[in-house]
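**Q** Found this in Swiss-Prot, in case it helps:
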type: TRANSIT; residues: 1-13; note: transit peptide
type: BINDING; residues: GLY140, PRO141, SER142, GLY143, SER144, GLY145, LYS146, THR147; note: ATP binding site
Amino acid sequence: MLKSASQNFFRAYSSRIGRYAATASGKLAQSRLSNIPTPKALKKFLDEYIVGQEIGKKVLSVAVYNHYLRINDKQKKGELQRQRELMEREKIADDRDEPIFSGNSESKAGWRNLQRQFNLAGREVDEDLELSKSNVLVVGPSGSGKTLLATTLAKILNVPIAITDCTQLTQAGYIGEDVEVCIERLLVNAEFDVARAEKGIIVLDEIDKLAKPAASIGTKDVSGEGVQQSLLKIIEGHKVEITVKRPVKHDIDGQKNQTTTKKDEVFVVDTSNILFMIMGAFVGLDKHIVKRIEDMKKIQKAGESVESSNSKEVEKERAKKFRFSNTLEQVELDNGKKVCALDLTTPTDLVSFGLIPELIGRVPIITALQPLQRDDLFHILKEPKNALLDQYEYIFKQFGVRLCVTQKALKKVAQFALKEGTGARGLRGIMERLLLNVNYDCPGSNIAYVLIDEATVDSLQETEHSLASQVDVKYYSGDEKDSLIRDVSEEDKKLGVMLEKELGHSANIHTPTIPKRSLT
């Protein structure tokens, strides 16, 4: 009878503990590596939206992958520890309730077996090893795609992201925004879900504007080194208490008519698992790097340091030479290969630029983006998902107009943007000026087709910035498809063939060519 009772108890006990082990195993499985896109998958997704920047995309893909791998590992260890404690409490409770069986060899063997099963669920977890946090610093000229890289990664990972302009940050007590505003924005973008916000991405843009001045000029530095110091605790990973005005809806009449007010609410956010991406153009950093490398070569060659007076003269001449240049300086390596100077950025260079060593120490991954060339800008116009040309074609389609832009015209636009030195961000401005009056006149008219060719872009470059109304454009009515196809084919045969298939007309049909007309 005693043996039978012991067996019944053990079966019930085993079943209960088994459920805990299964629960632990299931929860651990939810955080497995398979849920994180691989670096190759991340880069492939970035390739769909971003042209060029191969090295930058690879560095960020690996950094993001390892960051969320670290989060998963931390979650596994936490869940494993909680389940282990739960099992221990259950065993103690059962031993207390049924002390007669506590020394039963069968129970002890069963417990050891269940404990082995539980430990098997976490066999890949090294509980003594803690993975360090690796934030990222991205250096690159304006318009090179820094912010787009971050927002695209957040999209594929389905995590909230908040972008903060560091030029607006000041020390606590001064007019401006406190550093905690970046966490507040992330929390808002996470719809006030603290757990989700704690796995998000914070982008600190224009971090170079926080560089501490080289020398004090008798004024209080409220947005430089002091702000950098304030950012240290947040970036490293601490629990931060913030007060946020959270919208609250009120039913005012019981008939689904609601009003919204804002109520102060306190949240505690742990920044340990938030990925910080620090970005900036760092204008002039390339010149500093070139100077550093030149000085090193001279020291190695002559065996003595460069005179400070000579260094100052070289720096002055270099500043004059590159003051109005949109390109970055290059460095020739010992093997004869030339690389962009920013590719050789070191933590020491960033400290010399004006960032404090403590901040640089919390951002171990540094990568540089290249200035975009004409071919890059050309491909950006038409190739990525959400390409600029696709957007404008879609807009014109909404009011019944087919927008046709030739390849030569796109190359001219790319060259124009390169000349202005505004990078990819400048492409939209040029397209807006190019299509301003076309967009104004076409809706509600009998115009069915618009052709933007090389001559159209040339006419834009010949006008003043504010006189984009003088751009030469070709217009076609609905029954002038053949004229459109013929004019397009003269400059872009591939587009002409595509239009012929799309519109169902032959370009060989001879119809009067519609004259060029300017929008005035």
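In case you wondered, yes, glycine gets a Cβ from its N, Cα and C as well.
Could you tell me the structural context for the features on the list?
**A** Residue environment of PRO141 (ATP binding site) contains 24 other Cβ atoms, counted within 10 Å of its Cβ in all protein chains.
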**Q** On a simple 10 Å Cβ count over all chains shown, which one of the binding-site residues SER144, THR147 is most densely packed?
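**A** Checking each of SER144, THR147, the winner is SER144.
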**Q** Taking DSSP as the reference, which of helix, strand or coil describes SER142 (ATP binding site)?
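**A** DSSP assigns SER142 (ATP binding site) to coil.
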**Q** Report the same-chain neighbours of GLY143 (ATP binding site): residues 6+ apart in sequence with Cβ closer than 8 Å to its Cβ, ordered by sequence.
**A** LEU372, THR422, GLY423, ALA424, ARG425, GLY426
**Q** Quick one: give me the count of other CB atoms within 10 A of the CB of SER142 (ATP binding site).
**A** 17
**Q** Relative to the mean position of the Cβ atoms of GLY140, PRO141, SER142, GLY143, SER144, GLY145, LYS146, THR147, the recorded ATP site, which additional same-chain residues have Cβ within 8 Å?
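**A** My list of surrounding residues reads ALA281, LEU369, GLY423, ALA424, ARG425.
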**Q** Mind giving me a neighbour count for GLY140 (ATP binding site)? Other Cβ atoms within 10 Å of its Cβ, every protein chain shown.
**A** 25
**Q** Relative to the Cβ of LYS146 (ATP binding site), which residues of the same chain, six or more apart in sequence, are found under 8 Å away?
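**A** Listed in sequence order, they are VAL138, GLY140, ASP205, MET279, LEU369.
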